[in-house]
Amino acid sequence: MRPMSARKRIRVALVGCGTVGGATARILIQDKELLLRRSGVEIEVAALVDKSFDHARSLGLPEELFCSGIEPVLADPSLDAVIELAGGVEFPRTLIMRALDAGKHVITANKALLALHGPELFARARQQGLTIGFEASCAGGIPVIRAITDGLLANEIDAVYGILNGTSNYILTEMIHKGSSYADALEQAQKIGLAEADPSLDVQGGDTAHKIAIMSSLAFGISPDFAGIPVSGIDDLDEQDVLTGRDLGYVVKLLAVAHRHPQGVAMWVGPAFISREHPLAWVEGPFNAVSIYGHAVGHTLFYGRGAGGDPTASAVISDVLGLALGITPTIFAHTGFWPDRNGGATQLPAGSEELRFYLRIMAEDKPGVLAAISTILAREQISIASLHQNEQARGQELIPVVITTHTCTRQALDRAVQEINALEITGKEVVLLPIVDEHPEKIS
């Protein structure tokens, strides 16, 4: 295998011609001269591999490149790299392993695959002296992988906060500004093509969790236990809490958090209230943003479109060009995905990080209710920061009692909430949301 850093020409095959794959192929072919002029690299697309080419035909892609199987691609000695954009986990995992064994570099946007099998794939690439480029896996067109592994290399990363799913962020924006219910906002997102018919992976936090797992591995040099990351979504979020939070000076976002503490790295994904002064509070609609704090640089913010054909294709092609120019292999060489480089930090147990929290308790309007709730919280050493009752709700069978806490662990709060839910004076289960008050660089 010739060193890619010496090459100014690269031959690639693309597997998967769906939304992202089709956009990538279209840009590679139609903008070939622009890419050459911008980078000095000539990219030749040798094959487009898929089971169906209806979408590829609708884009006007050259039919002479269509190939229904991967065997000719793997057997082509002149091919430098395979671009995997097929989706799923098992087939791409097998494809990437075989491509590496055949001496091909790999570019992928597959976040689920890397979150679950990244160390294994990276180890195989290292054994073969090859590179895996994965800039497109975490935030679409936002170059956050290169920022962590190259631009911020002089820093110890202290915190990564992200809004990493455009579907969920659009839904929350509708709920915040229009007072829409979750169901109505989801329906609108589906109408405009932002949400899938089955939006589970987006709205339940799984997509976001895959992305923060990858970024945490790179930022902190750990191999996250994916099953150990607490994940919750926005599908059970009530517009009442969204609007109450707004009245308290907060905006609700589906956050991905990885935060270094002296004992290790805390990671979680879920809806949370953030202060209106927090930079992520202003990220609206389908846009994504990643807030990274390094010990030397301080706070940085990366913003843009985190999904969609063209934005993701931009990141994929950046990796292809970087491969030819020697940039991608250099970055790959010092990523934290190497199994023998994991160990600088440990992943903290779920719920052990201290945070502030918002509670909404539906309780009977009678004497002794607040005393009973306060007693339970006090037993778990949880201090109340503020308490609010809606005077207009008086006279109803159950009224909302809104409490914000001082910092405590989720483990302690879960124990208290379990007791509160068991009280005869409370109705529906307690609503519980973390609060992120401050700018990341102010968090100890």
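Don't overthink the numbers, they just go from 1 along the chain as shown.
Placement of Cβ uses the backbone N, Cα and C atoms for every residue, glycine included.
Packing around Gly22 (NADP(+) binding site) is summarised by its Cβ count: 24 other Cβ atoms lie within 10 angstroms of its Cβ, all protein chains included. If you look up TrEMBL, you'll see Val15, Gly16, Cys17, Gly18, Thr19, Val20, Gly21, Gly22 marked as NADP(+) binding site.
TrEMBL lists Lys111 with the feature NADPH binding site. When other Cβ atoms within 10 Å of the Cβ of Lys111 (NADPH binding site) are tallied across all protein chains shown, the result is 25. In the three-state DSSP scheme, Lys111 (NADPH binding site) is classed as helix.
Cβ neighbour count for Glu196 (L-homoserine binding site) (all protein chains, 10 Å cutoff from its Cβ): 13. The L-homoserine binding site annotation in TrEMBL covers Glu196.
If you look up TrEMBL, you'll see Lys211 marked as active site, proton donor. Within the same chain, residues at least 6 positions away in sequence whose Cβ sits under 8 Å from that of Lys211 (active site, proton donor) are Lys111, Ala115, Ser137, Cys138, Ala139, Gly162, Leu164, Ala256.
The domain 'ACT' annotation in TrEMBL covers 358-438.
In sequence order, Val49, Asp50, Glu84, Leu85, Ala86, Gly87 make up the list of same-chain residues 6 or more apart from Gly16 (NADP(+) binding site) whose Cβ falls under 8 Å from its Cβ. Comparing the binding-site residues Val15, Cys17, Val20 by how many other C-beta atoms lie within 10 angstroms of each C-beta, the top residue is Cys17. Here the domain 'ACT' (358-438) has, by DSSP, the following mix of helix, strand and coil residues: 27 helix, 30 strand, 24 coil. Here the binding-site residues are Gly18, Gly21, and the one ringed by the most other CB atoms within 10 angstroms is Gly21.
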